[in-house]
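Participant: Sharing a structure here in structure tokens format.
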Amino acid sequence: MAADSREEKDGELNVLDDILTEVPEQDDELYNPESEQDKNEKKGSKRKSERMESTDTKRQKPSIHSRQLISKPLSSSVSNNKRIVSTKGKSVTEYKNEEYQRSERNKRLDADRKIRLSSSSSREPYKSQPEKTCLRKRDSERRAKSPTPDGSERIGLEVDRRASRSSQSSKEEVNSEDYGSDHETGSSGSSEQGNNTENEEEGGEEDVEEDEEVDEDAEDDEEVDEDAEEEEEEDEEEEEDEDEDEEEEEYEQDERDQKEEGNDYDTRSEASDSGSESVSFTDGSVRSGSGTDGSDEKKKERKRARGISPIVFDRSGSSASESYAGSEKKHEKLSSSVRAVRKDQTSKLKYVLQDARFFLIKSNNHENVSLAKAKGVWSTLPVNEKKLNLAFRSARSVILIFSVRESGKFQGFARLSSESHHGGSPIHWVLPAGMSAKMLGGVFKIDWICRRELPFTKSAHLTNPWNEHKPVKIGRDGQEIELECGTQLCLLFPPDESIDLYQLIHKMRHKRRMHSQPRSRGRPSRREPVRDVGRRRPEDYDIHNSRKKPRIDYPPEFHQRPGYVKDPRYQEVDSFTNLIPNRRFSGVRRDVFLNGSYNDYVREFHNMGPPPPWQGMPPYPGIEQPPHHPYYQHHAPPPQAHPPYSGHHPVPHEARYRDKRVHDYDMRVDDFLRRTQAVVSGRRSRPRERDRERERDRPRDNRRDRERDRGRDRERERERICDRDRDRGERGRYRR
């Protein structure tokens, strides 16, 4: 018996080898999804042909065993998805005839199946998942929606059978690795060989009965599968139409958003190319899995494919792809807010640049520009200093556009916030060789509008009409730029979010209010405009003029504050002081005070009349003041006791005479300085005056000497004539 069984096995192996050699060989490592799909179709057609052959045996011999008794062989046979054929007692020719007939039927059934699948697959060209794995999600939904329990049980059976079929592919790969072939015939042959050896050990009777039970189950499965496939095809067509409509709407919406935002992101074409998203629409990405793992991955991919945005960023890792939907919404919100902020910044910048004057500032190095950005100051040559000061007084805004020599870029632009001032803390500029800090002018305070750089290539289209229409990048330090050209150049700079333009606009308005403040026509306004430190006059910082400037003595300084209500007691004093331009030197003429000598000043001072009568603090209207003693007509009266409380606080004793004390002290100081200056100047001027007098007297002396000489000559001539006459008279006498 053992020898016979071995001979039969050898014969069967030879037949299987012949069948295997008829199939063309393929590379095991290559994976062809189309051949895999053809294999699955052939498997289904083989099951149908085998079912037709087994109908005769089922009618003759009914099933004896229940489904529970054959659960083990059923699982093995269904998992391999092969029809087990008992070859016991069959010759080789009969076996070949059966295989030939089976292959003919399979060809016809395959042709019908391909026609039916081509109609359904043409509607969805980009979906490449096989039919069995693609319908798992819909089975679970249909199970929940089934109205009757019979329908739910039927769908449950379908899901179980499909799960068993999905595990077939992994087992076929194992069998193909063992026997050296991945074709269907080879794997089926190897599985048939293993099953035949098991059936021979268990007995021929059990094999026939198990085959009949499997055939019955296969019939039920095929009927359920056909119904389910028809329903699923209809559902697929409906869902495909819905998915296509949704995708078209999403694509149109994304195109609109892209036009509005004007971004440079790559759109829909990257969705199928990016491997980092782990969303694959190829055939092999789903078929390579097995069982429930493949179904779970497929469900996640379906959800991700529906919710994915057509705008795809380059991301790596699955975590980025999972959190992409939330980040895309944040990006949309951020983009809208950024657009609003940038629009607001642009409008504010245009307001700042309106009616401004633009100057090109050339720096020798980057260090000075960095120092200017850090401290908000700038210094330039005296020639440019005068130009910028005049522009600051006349223009609404003065914009300085900075550029480092040979850098190929603009380093930003700023607005002048003050005129130049001298005498402040020194700024350690990095100066070129041969240049000292004394060669620079004053220090300007500037407010930076943009600290970011702009390459020259982006401003190549701008020319400066005020520099012979040369490119705006060309120019010397202090070159003025035309208004339109300067505005366009500043708008080309990238926006600097770190700058608050609102404060800059507030400073501009404050400066405009100060310059346009109305003044009274009669006399100059008593309220001095409040000058900040940067707007002080250059002479206030003069180092050489170390003497303190004479202070204008207003009665008290409270009225200089804004919102001050004038005290009625000062009306008379103010009217008196307005008549005298300078109270300290009211009796001395201005030309004598400025240009005269000390003697002239003393002479004028002594010729001055008596001081005006003392006028103390006049009381409030309606309050009488006791008359002064005649002795105190021209002098301050002694301090009096505080009057009783009369509705207001009395003026302190020191405040009454503070003005007088300051006035006397200033008088003494000025007199001393005038005397010393007069003495020094007198000493220097005396020899010069003597020389001048001598020079003046020299022509007079010459004239006098000449006249004297002439007079002497005339007298001598007269004497000679007289002497001659006398001599002649005497001679005539003697002759007589």
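Cβ atoms are placed via backbone N, Cα and C, with glycine included.
Heads up, here are the entries from Swiss-Prot:
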type	residues	note
COMPBIAS	1-12	compositional bias 'Basic and acidic residues'
MOD_RES	SER35	phosphoserine
COMPBIAS	50-59	compositional bias 'Basic and acidic residues'
COMPBIAS	91-115	compositional bias 'Basic and acidic residues'
MOD_RES	SER120	phosphoserine
COMPBIAS	124-144	compositional bias 'Basic and acidic residues'
MOD_RES	SER146	phosphoserine
MOD_RES	THR148	phosphothreonine
COMPBIAS	151-163	compositional bias 'Basic and acidic residues'
COMPBIAS	170-185	compositional bias 'Basic and acidic residues'
COMPBIAS	198-255	compositional bias 'Acidic residues'
COMPBIAS	256-271	compositional bias 'Basic and acidic residues'
MOD_RES	SER309	phosphoserine
MOD_RES	SER316	phosphoserine
MOD_RES	SER318	phosphoserine
MOD_RES	SER319	phosphoserine
MOD_RES	SER321	phosphoserine
DOMAIN	356-493	domain 'YTH'
BINDING	LYS362, SER363, ASN364, TRP378, TRP429, ASP477	RNA binding site
MOD_RES	SER425	phosphoserine
MOD_RES	SER436	phosphoserine
COMPBIAS	510-524	compositional bias 'Basic residues'
COMPBIAS	525-564	compositional bias 'Basic and acidic residues'
MOD_RES	SER546	phosphoserine
COMPBIAS	688-736	compositional bias 'Basic and acidic residues'
Participant: Around the Cβ of LYS362 (RNA binding site), how many other Cβ atoms lie within 10 Å? Please give the count over every shown protein chain.
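Facilitator: For LYS362 (RNA binding site), the 10 Å Cβ neighbour count is 15.
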Participant: How many neighbouring Cβ atoms, not counting its own, are there within 10 Å of the Cβ of SER436 (phosphoserine)?
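Facilitator: Looking across every protein chain shown, the total is 7.
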Participant: Measuring Cα to Cα, how many Å separate SER363 (RNA binding site) from SER436 (phosphoserine)?
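Facilitator: Taking the Cα atoms only, SER363 (RNA binding site) lies 15 Å from SER436 (phosphoserine).
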Participant: Could you break down the residues of the domain 'YTH' (356-493) into DSSP helix, strand and coil, giving a count for each?
Facilitator: 43 helix, 45 strand, 50 coil
Participant: Write out how many residues of the compositional bias 'Basic and acidic residues' (688-736) are helix, how many strand and how many coil, based on DSSP.
Facilitator: 48 helix, 0 strand, 1 coil
Participant: Other Cβ atoms within 10 Å is the metric here; tell me which of the recorded positions SER363, ASN364, SER425 scores highest.
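Facilitator: Sorting the candidates by Cβ neighbours within 10 Å, the top entry is SER363.
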Participant: For a quick check of understanding: among the binding-site residues TRP378, TRP429, which residue's Cβ has the most other Cβ atoms within 10 Å?
Facilitator: TRP378
Participant: List the Cα distance (Å, whole number) between TRP429 (RNA binding site) and SER436 (phosphoserine).
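Facilitator: One finds 10 Å between the Cα atoms of these residues.
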